[in-house]
Ligand code: NAD
């Protein structure tokens, strides 16, 4: 497939471009801080940039009338609503985490959440020093799955691709679930799966949970 990437010069943008090209897909369009790269109209747009770029992405998806996979974190509620409106015309996959491991993590949280009433519960997330948003979108997803108002601690250290730990403790024991992304490749693989998932869809709003 012929892909377009918003944020194609960024860490995730480069990882996604490399993976898709390894799998014989073609990078034909991009948008970044210094403007547009145009070789051909893309068949799909992938956005890993910043929330302030969102309106540009929205305009390009409408202009090209193509599916959108969006992994940008820190989106405002209105931007999520705008994505749902866009999904009436094209397929949209939105997730704050495109790794398989975090999907399994969320399933474990769903299993545990009613069994830990009265326990102390805290989420700790660690990311590289360049990450702009805090707390991470994934930590927010874990908190949402717990359905409890729990504290989130954010560490910004070196080049960590993404660590999340959920701690649960009563007076006698500590239980924890942890996930570590060893590289950005894990997310890029999820984006590729999502791109394959939308090829036969006409429209609709999906999360990565729907994809796997
Ligand atoms: P990055 O800073 O390396 O890349 C962001 C890119 O966006 C850069 O190339 C930058 O030049 C571009 N950009 C910034 N402002 C712009 C503007 N005004 N117009 C056009 N382009 C602009 O960041 P990253 O580490 O690649 O992460 C990108 C996003 O993806 C972040 O929101 C991050 O949290 C998110 N992320 C999501 C997942 C996931 O699985 N959903 C995984 C990793 C990262």
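Cβ coordinates come from backbone N, Cα and C, glycine included.
Just so you know, TrEMBL annotations are computer predictions that nobody has curated.
The domain 'Dihydrodipicolinate reductase N-terminal' annotation in TrEMBL covers 1-98.
Secondary structure at residue 95 (NAD(+) binding site), as computed by DSSP, is coil. Using a 10 Å radius centred on the Cβ of residue 95 (NAD(+) binding site) and all shown protein chains, the other Cβ atoms total 25. Annotation comment: TrEMBL describes 7, 8, 9, 10, 11, 12, 32, 71, 72, 73, 95, 96, 97, 98 as NAD(+) binding site.
For the recorded site, residue 33 (NADP(+) binding site), the DSSP three-state label reads coil. The feature NADP(+) binding site is assigned by TrEMBL to 33.
For 101-212, the entry in TrEMBL reads domain 'Dihydrodipicolinate reductase C-terminal'.
Secondary structure at residue 127 (active site, proton donor/acceptor), taken from DSSP and collapsed to helix, strand or coil, is strand. Its Cβ placed at the centre, residue 127 (active site, proton donor/acceptor) has 25 other Cβ atoms within 10 Å. Among the features that TrEMBL reports, active site, proton donor/acceptor is placed at 127.
The (S)-2,3,4,5-tetrahydrodipicolinate binding site feature in TrEMBL is assigned to 128, 137, 138. Neighbours of residue 137 ((S)-2,3,4,5-tetrahydrodipicolinate binding site), defined as other CB atoms within 10 A of its CB across all chains, total 16.
Feature annotation from TrEMBL assigns active site, proton donor to 131. Within 10 Å of the Cβ of residue 131 (active site, proton donor) there are 17 other Cβ atoms, across all protein chains.
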I need the CA-to-CA distance for residue 95 (NAD(+) binding site) versus residue 33 (NADP(+) binding site), whole Å please.
23
Where the criterion is a Cβ under 6 Å from an atom of ligand 1, which of the binding-site residues 97, 128, 138 meet it?
97
Can you check which residue among the binding-site residues 11, 33 has the largest number of Cβ atoms within 10 Å of its own?
11
Long-range same-chain neighbours of residue 72 (NAD(+) binding site), Cβ under 8 Å, sequence gap at least 6?
7, 47, 48, 49, 50, 51, 53, 54
A 10 Å Cβ contact count, applied to the binding-site residues 97, 138: which residue has the minimum?
138
Near residue 32 (NAD(+) binding site), how many other Cβ atoms are within 10 Å of its Cβ?
16
